[in-house]
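Over in TrEMBL, the protein carries these features:
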| type | residues | note |
| --- | --- | --- |
| DOMAIN | 3-166 | domain 'EngA-type G' |
| BINDING | 9-16, 56-60, 118-121 | GTP 1 binding site |
| DOMAIN | 192-365 | domain 'EngA-type G' |
| BINDING | 198-205, 245-249, 310-313 | GTP 2 binding site |
Amino acid sequence: MLPVVALVGRPNVGKSTLFNRLTRTRDALVADFPGLTRDRKYGQANYDGYHFIVIDTGGIHGDEEGVDEVMARQSLQAINEADLVLFLVDARDGVTVGDQAIADHLRKQEKRVYLVCNKIDGIDAEVAMADFHSLALGQLHGIAAAHGRGVEQLLNDSLKPLADDYPELLPGKAEDSETLEHDEIDYDALPLKLAIVGRPNVGKSTLTNRILGEERVVVYDMPGTTRDSVFIPMQRDGREYILIDTAGVRRRGRIGEAIEKYSVVKTLQAIEEANVVLVVIDARETVSDQDLNLIGFALNAGRSIVIAVNKWDGLKQDHKEEIKRELDRRLGFVDFARVHFISALHGTGVGHLFESVEEAYASATRRVGTSKLTRIMEMAQDEHQPPLVSGRRVKLKYAHAGGYNPPRVIIHGNQVNQLPGSYQRYLVNYFRKALGVMGTPIKVEFKESENPYAGKKNQLTLSQQRKRKRLMKFLKKGKK
């Protein structure tokens, strides 16, 4: 088991910068705005041979209201989960009221706490750090998280005392990553990655919390309260999942500060990372172009899709019928995706989502042999022959699987690259129906069969060459 290290402190003291350095990722948003990290975020750190789990938390002011109060509660939960707390302060700011409030709370906890003075680069560190002795939290550790200065010494001082309780923490105990890359991987045993995406405030985090049964992700009635994608492991009915709760995506015109641009990128990256994408739509608002863009991006990425229409409770029946008609009209291009009408707040219909998620993933990863795919292709040809191209009938020879997740079918034949789009769509729909594929796009690709005689010159035998010469002489005499 790996130890858990929580990073706590006021907003903008460098917690996310240190998190990113320890995990060697950009999983936590980093920009010069206070309060960028609102949820607690988990990462696996592998730094200088040390292996541990690190939690990045939202900043605490000490006088929080509204969403800041919820963020502070997230930080306190992270402290409770941690084996070790790194309390970060800004060496350039000196001791603040917020620092004192956090220190008072930490002294009451039965936790290992290390006071870390960040941003010591370019200043007289000893002078700047002297004031922080007043917080009465023991030895001070000066670092510059942005440049890595002092981080190695901090880890040596703080983690070595945990080595007896956590043997896996010790340097050199982890397996070599290069060796693991060449090991055989059982992909069926891997956790299913489910990305929950949608516009701001459609109920993504409420749905995540309903699924998990705890308040893991900040929920507050203000658009965009989830700014980072949060990766959360869970287990359901014996199946392991990783839920990816994403930042809400706004229309481009509403993306103002850098923080919103980061969030959009995170959402799109989460879609790329996922096996199945759960698109959440607000029933009380019409289907927007942004909803369609998200679905389109997921389709282009080849991801399986399930659609959840949230906030369905309390609507009048005539309003529900109107919404269904609108969904049929605007989502016709993704008619293979299951649509669920749910209430994330009350839990109505949430349980059935996983049936469709499993169905979509099974469709995306099902193995199909060449003989079966070729039979389906021949049946499609028998029912509707390919059109004529330049006076010749397009001939489909055989089909085989070209990949999975999403399923890819490669069809070989003559003049197949000249098939019109209508016939290509016919083949896609025929394969989908014949294979019983639901919730995932199918990609049908065409490959021109090679002409075995192309590029070859007919070589005459010696006898044929003599005969040809005699014929040419005869023709020349005839012309005279």
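Using the three backbone atoms N, Cα and C, a Cβ is placed for every residue, glycine included.
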Binding-site residues listed as Thr57, Asn201, Lys204, least Cβ neighbours within 10 Å: Asn201
Shortest C-alpha distance to Trp312 (GTP 2 binding site) - which of the binding-site residues Gly9, Lys15, Thr57, Ile120: Thr57
Between Asn201 (GTP 2 binding site) and Thr57 (GTP 1 binding site), the C-alpha gap once rounded to whole angstrom: 21
Conformational class of Gly9 (GTP 1 binding site) under the three-state DSSP mapping: strand
Candidates Gly9, Lys15, Thr57, Ile120 (binding-site residues) - the one closest to Gly198 (GTP 2 binding site) by CA: Thr57
Rounded inter-Cα distance in Å - Gly9 (GTP 1 binding site), Lys204 (GTP 2 binding site): 27
Least buried by Cβ count (within 10 Å) of the binding-site residues Gly9, Trp312: Trp312
Nearest of the binding-site residues (Asn12, Lys15, Thr57, Ile120) to Lys204 (GTP 2 binding site) - Cα to Cα: Thr57
For Ile120 (GTP 1 binding site), the three-state class that DSSP assigns: coil
Fewest other C-beta atoms within 10 angstroms, as judged across Asn12, Lys15, Ile120, Gly198, which are the binding-site residues: Asn12
